[in-house]
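As recorded in TrEMBL, the features of this protein are as follows:
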type: DOMAIN; residues: 149-444; note: domain 'PDEase'
type: BINDING; residues: HIS225, ASN226, ALA227, VAL228, HIS229, ASP266, ASP375, GLN426; note: AMP binding site
type: BINDING; residues: HIS229, HIS265, ASP266, ASP375; note: Zn(2+) 1 binding site
type: BINDING; residues: ASP266; note: Zn(2+) 2 binding site
Amino acid sequence: MPVLERYFHSAELGRRWTAPEGVLPSSAGGRPGCQQGPLPWDLPEMIRMVKLVWKSKSELQATKQRGVLENEDALHSFAGDVRLRGQTGVPAERRGSYPFIDFRLLNNTTHSGEIGTKKKVKRLLSFQRYFHASRLLRGIIPQAPLHLLDEDYLGQARHMLSKVGMWDFDIFLFDRLTNGNSLVTLLCHLFNTHGLIHHFKLDMVTLHRFLVMVQEDYHSQNPYHNAVHAADVTQAMNCYLKEPKLASFLTPLDIMLGLLAAAAHDVDHPGVNQPFLIKTNHHLANLYQNMSVLENHHWRSTIGMLRESRLLAHLPKEMTQDIEQQLGSLILATDINRQNEFLTRLKAHLHNEDLRLEDVHDRHFMLQIALKCADICNPCRIWEMSKQWSERVCEEFYRQGDLEQKFELEISPLCNQQKDSIPSIQIGGGQWGTWGTSTSLQAA
């Protein structure tokens, strides 16, 4: 059996059975006395197996060629504005749920030689953390952890998920415990606890694939608009959806729309704002005629991933079309230029006391308000997290200002690092209006 095939075949067997004490697992053949259990290998054994894989250069080269062809086919399958990934020729940073011990690492070793022991151990531990996280999502509790710290990470992540409805939920800690997979892990948990998987008969593998696509389309190099921000907004949205005055009227469709819109509302964000795209004559600005440029791109990208993953392919066509339109309405509502429009309408409803959540249109409007509040709720978080978000958003502003200065453009407001301090940006940015908005939402 080829080395590469033997390695992955053995790994698959290891997920299904545990060898009796004193017996090493075999790669094939009979398995007398086998029983259900976690992966039986220890770290040195896994390192030995990886070394065997590295020695099979011819097979790795063939794998690499297949991967290149598959990537080219995938690129040709997209047309128009769907899941753009930054500048041409610049590889996007890895932001998915899979660790670095994958085909990319194995292919690179063909040309660059073996990597030092410390790096191999570090990557293997990363693999172990992902392995435990994936078992957590399936409700499987490991009986014999591969590493002492991995069990600790798993327990902490599980404990945090039990408090996901609390406003002081630390998304930064959760992202570290899930090895950078906070968005995927959080959404899988929320879809399960809200009963959406059962209600809409969603395939768990397809759901996970879609969520990984969404998470990977966020750019980790963005200080603020990244997958952690999406997870934070999703957690805040979940808090709003559980508000008693709103929750009693929500349907499963409302909940799914709210969570999906929160998760994908900034997908593929380039790290610059709409005025920057307009004055640089960016193709997205031309495509959407300078109207809600980023929000339209986020929406269209989300629809592209929904269709590519076929997450909702089993639902009636009319229903999927309605879901796509409502997702667009929710994501487009996050355009900061429409802030006064929604605030004025909300205040009018509160003044006239004519908001009827039994009505589907009023309920959708409240989902829009909830998503807008979740999107800019950073000043309302506890100080430790609010401070981190403030520093991150200002760093992103400063980077845009540096780009504008580099290309001899007028520096946008709040983007001049020499003049705009973090406190002045937070005061002058108008974000404190979210406090009044959140208060009004609770009063409603």
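Placed from the backbone N, Cα and C atoms, the Cβ positions cover glycine too.
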Residues satisfying Cβ distance under 8 Å from ASP375 (AMP binding site), sequence separation of at least 6: VAL233, HIS265, THR334
Additional residues surrounding Zn(2+) 1, by Cβ distance to the HIS229, HIS265, ASP266, ASP375 centre under 8 Å: HIS225, ALA230, VAL233, ALA262, HIS269, THR334
For HIS229 (AMP binding site), the number of other Cβ atoms found within 10 Å of its own Cβ: 23
Predicted model, mean pLDDT over the domain 'PDEase' (149-444): 92
Set of same-chain residues at least 6 away whose C-beta sits under 8 angstroms from HIS225 (AMP binding site): TYR218, HIS219, ASP266, HIS269, GLY271, GLU396
Number of other Cβ atoms within 10 Å of the Cβ of VAL228 (AMP binding site) across all protein chains: 25
Where ASN226 (AMP binding site) sits in the secondary structure, as DSSP reduces it to three classes: coil
Binding-site residues listed as ASN226, GLN426, least Cβ neighbours within 10 Å: GLN426
Pairwise C-alpha maximum, in angstrom, for the residues (HIS225, ASN226, ALA227, VAL228, HIS229, ASP266, ASP375, GLN426) that bind AMP according to the record: 22
